[in-house]
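Here's what TrEMBL has on this protein:
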BINDING   B:Arg46, B:Lys51  NADP(+) binding site
BINDING   B:Arg126, B:Ala127, B:Ser128, B:Asn249, B:Gly250, B:Ala299, B:Lys314, B:Pro315, B:Thr316, B:Pro317, B:Ser318, B:Arg340  FMN binding site
Protein chains: 4
Amino acid sequence: MNTFGKRFALSSFGESHGVAIGGVIDGMPSNVEINLEFLQNEMSKRKPGGKYATNRKEDDELRILSGVFEENGKLFSTGASIGFVIENTSQHSKDYENIKELFRPGHGDFGYFAKWGIRDYRGGGRASARETAVRVAGGAFAQLLLNHFGIEVKSGVLSVGEIGVGSVSSGYAELLGAVDFGNARNSEIFALLPECEASQKELIKSCKDSGESVGASVLSVAKGLFAGLGEPMYDKLDSKIAEAMMNINGVKAVEIGAGVAVSKLRGSENNDELLPASNGGFGAMRAEFGSNNAGGVLAGISSGADLVVLSHFKPTPSIFSEQRTINKRGEAVKFALVGRHDPCIGVRGSVVATAMMRLVLADMLLLGASSRLEMLKRAWSFA
Amino acid sequence: MNTFGKRFALSSFGESHGVAIGGVIDGMPSNVEINLEFLQNEMSKRKPGGKYATNRKEDDELRILSGVFEENGKLFSTGASIGFVIENTSQHSKDYENIKELFRPGHGDFGYFAKWGIRDYRGGGRASARETAVRVAGGAFAQLLLNHFGIEVKSGVLSVGEIGVGSVSSGYAELLGAVDFGNARNSEIFALLPECEASQKELIKSCKDSGESVGASVLSVAKGLFAGLGEPMYDKLDSKIAEAMMNINGVKAVEIGAGVAVSKLRGSENNDELLPASNGGFGAMRAEFGSNNAGGVLAGISSGADLVVLSHFKPTPSIFSEQRTINKRGEAVKFALVGRHDPCIGVRGSVVATAMMRLVLADMLLLGASSRLEMLKRAWSFA
Amino acid sequence: MNTFGKRFALSSFGESHGVAIGGVIDGMPSNVEINLEFLQNEMSKRKPGGKYATNRKEDDELRILSGVFEENGKLFSTGASIGFVIENTSQHSKDYENIKELFRPGHGDFGYFAKWGIRDYRGGGRASARETAVRVAGGAFAQLLLNHFGIEVKSGVLSVGEIGVGSVSSGYAELLGAVDFGNARNSEIFALLPECEASQKELIKSCKDSGESVGASVLSVAKGLFAGLGEPMYDKLDSKIAEAMMNINGVKAVEIGAGVAVSKLRGSENNDELLPASNGGFGAMRAEFGSNNAGGVLAGISSGADLVVLSHFKPTPSIFSEQRTINKRGEAVKFALVGRHDPCIGVRGSVVATAMMRLVLADMLLLGASSRLEMLKRAWSFA
Amino acid sequence: MNTFGKRFALSSFGESHGVAIGGVIDGMPSNVEINLEFLQNEMSKRKPGGKYATNRKEDDELRILSGVFEENGKLFSTGASIGFVIENTSQHSKDYENIKELFRPGHGDFGYFAKWGIRDYRGGGRASARETAVRVAGGAFAQLLLNHFGIEVKSGVLSVGEIGVGSVSSGYAELLGAVDFGNARNSEIFALLPECEASQKELIKSCKDSGESVGASVLSVAKGLFAGLGEPMYDKLDSKIAEAMMNINGVKAVEIGAGVAVSKLRGSENNDELLPASNGGFGAMRAEFGSNNAGGVLAGISSGADLVVLSHFKPTPSIFSEQRTINKRGEAVKFALVGRHDPCIGVRGSVVATAMMRLVLADMLLLGASSRLEMLKRAWSFA
């Protein structure tokens, strides 16, 4: 239940205020160069800190324990499982003393206690978004593999609260034209719409200052895909992407391609025409598409068009105003949180969205390698 | 890849124009009474035919081959896997002769051919929504189990094209008050909003008549849940629901609770307060919630509030006007479909949405049975 | 729990006296030619009947329901799941009336009832070796795939009771030289040692006539393997073979290579030396081995030497002399069986052994196709 | 592929000469007391060192990183995944310089290189029995759970080379009477037969002194079982035990109950009669058995009798005499090993056998908790 993926699989462990978090990656093919700098750099993107995030400080240093081997001064995967840990160094567990006996609204506290009868209340324990550092590590390893297939995954923030574009009910094609991933890369809040960035930052800052929080919408795009990724019937690419995204802490809705908006369209508006295309790269069969309402996936299989995914994050449930709830004895109580929290989980959540998409794509790449007899024969003829 | 679920698992097979479709259910506990009338009745809800659906006629008779045993005139599950088949009886395969060599826009044709290099072009083959009959059967078996835990799942159509409520960007609570599942039960299009039903029907009928199609939005609700369903970290209830719903043919977006709208909210608006509640039934720990923006799930675990899910269906890609596409040789071609198709897949899709939710909940029920040492001890003391 | 294999997976259903048995094969690559005659011929090998087996008559006709498609007069796999059924036609359920309330020694009756509280007592229900027909079908499909990789699997009977070679405690190399798979192929009891065949038949016949039964040992060999099959750490080839073989009804011991005998050896005797070999065929890296005590697998990975497996079958628990047991109320009772049973399950079990080995090898072939980055890259470049 | 078990699952990582080995346990129910002293004590049993084992010194200190929580001075499982690491501290990697380019006979070297094209040659890398420390840790956690169900697992050494009892071809019942687990507990070589211990030690010592190695046979018994563990059709208890045992480094044969010997028996000799028994403890349904040729499992389900398993270990392939083999270029070479090795891997392997059996039983305990509707209902009524 703590393992994500079938062939490129990440098993994760760790709590917010435990000794360390970490994971095991199973299925990485051998001979993939392991670029430590890239990995650590990816970790840094999700790292807490800064004006628009929690004040908790963590270096999130990735320590690889196995599965790699040095040859000629470079590190390579060996085909063995890759174990890694990230130590927790900045736990302020006493911030949570006052919530030990009660259940915070919007958090998993109640469900966890109802389910297990015991709860690590410190910083949300296992339910904390701290665990997403493990996913970012896993996703970064996945990307090292995807690199060899020309696949790139990018995410950024479309909207913060009411500022920006929070749905594509209309103007989906225009939206894709307007987003600027270059801007996102250099933005402290990964803003995709340069003209909205300043106001979005202001909104986040004001939430942080006032102990409030705010929701956000995140766009993720995978480029360089070829047709044939995805495993019908129940491991469809879109289905696995929806699972992966909804699995991220705070996500309450996932849209693929034109998403919600398709429910308003006619078939003649929604269908993406196929156009001739030149072959090339991985996978012989190529097409161009007149539009991309499908968001790159049809019947659960990639079409070769960009995979386009929108994830909607709720506001951080940790706010500092007084709230009503119940305690372990079922009695009504009031309380106010203390501690350090992100005012807008969607911001760092966008880094996690990239990671999850990478994990899904790497899994599909491995699962699909035996789709055809010819593929299997080619794979094994390793002369 | 054709198996859904871990402990209550459905393995499916079959193509639109093959001999039969069917499946194997693995994990049904023993001693569950198998009500054949209920099962067949559930099949009938999804059955093709009628004014607002395809003209293809199928009885969808469920034939159970194993896993049940009669005692005292009643049928019970034995704990063995349940095999079942549904014969195909109304294939008009020659309707598809003209698409044999080309890829229909909006369909999986291109991806299937790119992936496998061979394609059963007749009615979409494996990618056809005909396969969802297997899910409805699986979901009906799951419901026989859920009945013993007081869990009920209902779905209906919220909007058809622009008519009705297609998102909950505002007024989520009001929406839940307005829907009428009683109306849906008796409606030929499973309409949840009685005041919209007539115009929705008219729209579907006019699409059918003109060879056009239209999208729809479907609301699903599970009632009677208790806290503790869902398996962190990567088998969260909401994550599995998103996977299940996005897996249905034509679904492009899934929202849980207030869904997309949460991205616009502040934490103080979005958090659902917990209120004291009387204990009772399954699961000792109970709470009431001041609101249900979470849609019944927090941190991936059910809270005991209603599980509320919105799925958005694209318009049927099968339309009868001329379309442009490419053929197997990559050349641009024009074509027009013939055959029999649903003008609005969301309508019968709502029956499949119920089925998928049932499958997920049954799986979580089984997976969760060993969450605590106490549960495991109670389970095994079967004196 | 009714699914065997991870990537080449067989889900099975059916009881001895139910309507039908059958299964779903998931993971067959597309474009594998489906030779119906071969499949039915494999079914015939395990088919009941004849002088040395049960008198139950079943044609075991394999009916394929999905996953195949005809092109140019030949049938090919499409990549979709393959559903199949085998109807039960010769149930004599009333033979089992007298055991309805009691538990037969040596059978699963007691465990099944203790576990599930309900039991299909007719012919052993789900626990019947009738289910192995599903495995033989699955294994035959697997072989259609293995053919393309030059892999062949053969089994035969080494010993019946005390007649023949029932262990390899000494003379393992000699044993391999003495067995005659050609003889086995044409023998009614699949006898590997021609000089023992007549006495083995006599023993089986005399058991059948006297309502007694007898154990047997079965040798299985896979030829044409290349190095690299098997997935450490917990999907090792030998580990999966042991699981598969011990899973066959009546098997109580599994040996690989020199098996039990290795516990008596010194390292210098047991180690198989590696010798230079010419490359060729699938997999570039080849070696010859000075001996094959390892039976073709080291550290869980195939070495390229023959995979050699010995499975030991207990005598059929169904015997006709009076036996003591208890009934459902826990009371001591005496009873005598009636009905039709194999006097030596190892004979037809040898066909099942071949099937299980094929299933494991096909699974490993698929799982291993992404072991190396180079393999994965080659697989996907399907230009 | 590095995960063992479905519901009580151990994911493992680590190489012999890497930084650390470790794992993630997924599925431990909450509220199980975590006794650190017990865990560390179990680790010590497998720990290298001593007169009869390798000279490598490792403390094998278990460091738990997650999944536990302190309440009232005691540590309990929380239901979250349990991450743990065991640091490697005594690597002598330069001992392996001379085998860098060649493949040791009897080891996985050739298969690993053929499969992955890259190999951590230091101490066998991932293929090293050092990984079994992770299994012992996992098994010890499993035992903490099994304790609550009265299940105990014990293993010991029956034979070393030709000394002791290496098979049960005759006298199986006598054998079970003769073994002394009390002696094994206090023996440096876990000897089950006190009268053979001295000669067995002498043989091991002489092998160690002369750079030779020797095989061994290990008996494992689980006591306190109740009927109903095991999941047909393809997760049978015996099948999973065979998989688990054959998975241990060096095991080449697994027998359950009378094992190989059953192939010689008649049905009337082999069947174990059922006798009335008093109910009690877990599981209502009890029986006594007149004999235990079945070794506690029939049709894949535990009967309540002792689970009896024999595993046969080959001699350590690491010997110090000159051997012939090939190198990476396929050329014939001669070499002699240096370094530190166990002369008889079966000795410490017996500790691993216990661990594997514990892992299987814990998994079956969890998997079986939803066998019946009544069990599931009881589990969830956690009032």
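Just so you know, glycine gets a Cβ as well, placed from its N, Cα and C.
Of all the binding-site residues given, namely B:Thr316, B:Ser318, the one with the smallest number of surrounding CB atoms inside 10 A is B:Ser318. Counting only residues at least six positions away in the same chain, the Cβ atoms of B:Ala129, B:Phe313, B:Lys314, B:Thr316, B:Ile345, B:Gly346, B:Gly349 sit under 8 Å from the Cβ of B:Gly250 (FMN binding site). Proximity to chain C (CB-CB distance below 8 Å) holds for B:Arg126 among the binding-site residues B:Arg126, B:Thr316, B:Ser318. The binding-site residues B:Arg46, B:Lys51 differ in how many other CB atoms lie within 10 Å of their CB, and the one with the most is B:Arg46. Across the fold, the C-alpha of B:Arg126 (FMN binding site) and the C-alpha of B:Lys51 (NADP(+) binding site) stand 26 Å from each other. Within 10 Å of its Cβ, the residue among the binding-site residues B:Ser128, B:Lys314 with the fewest other Cβ atoms is B:Ser128.
For the pair B:Ser128 (FMN binding site) and B:Lys51 (NADP(+) binding site), the C-alpha distance works out to 21 angstrom.
Between the farthest pair of Cα atoms in the FMN binding residues (B:Arg126, B:Ala127, B:Ser128, B:Asn249, B:Gly250, B:Ala299, B:Lys314, B:Pro315, B:Thr316, B:Pro317, B:Ser318, B:Arg340), the distance is 44 Å. On a Cα basis, B:Ser318 (FMN binding site) lies 19 Å away from B:Arg46 (NADP(+) binding site). Look at B:Lys51 (NADP(+) binding site): DSSP puts it in coil. A gap of 17 Å separates the Cα atoms of B:Lys51 (NADP(+) binding site) and B:Ser318 (FMN binding site). Closeness to chain A is evaluated for the binding-site residues B:Arg46, B:Lys51, B:Arg126, B:Ser128 by Cβ distance, with values under 8 Å counted; counted residues in sequence order are B:Arg126.
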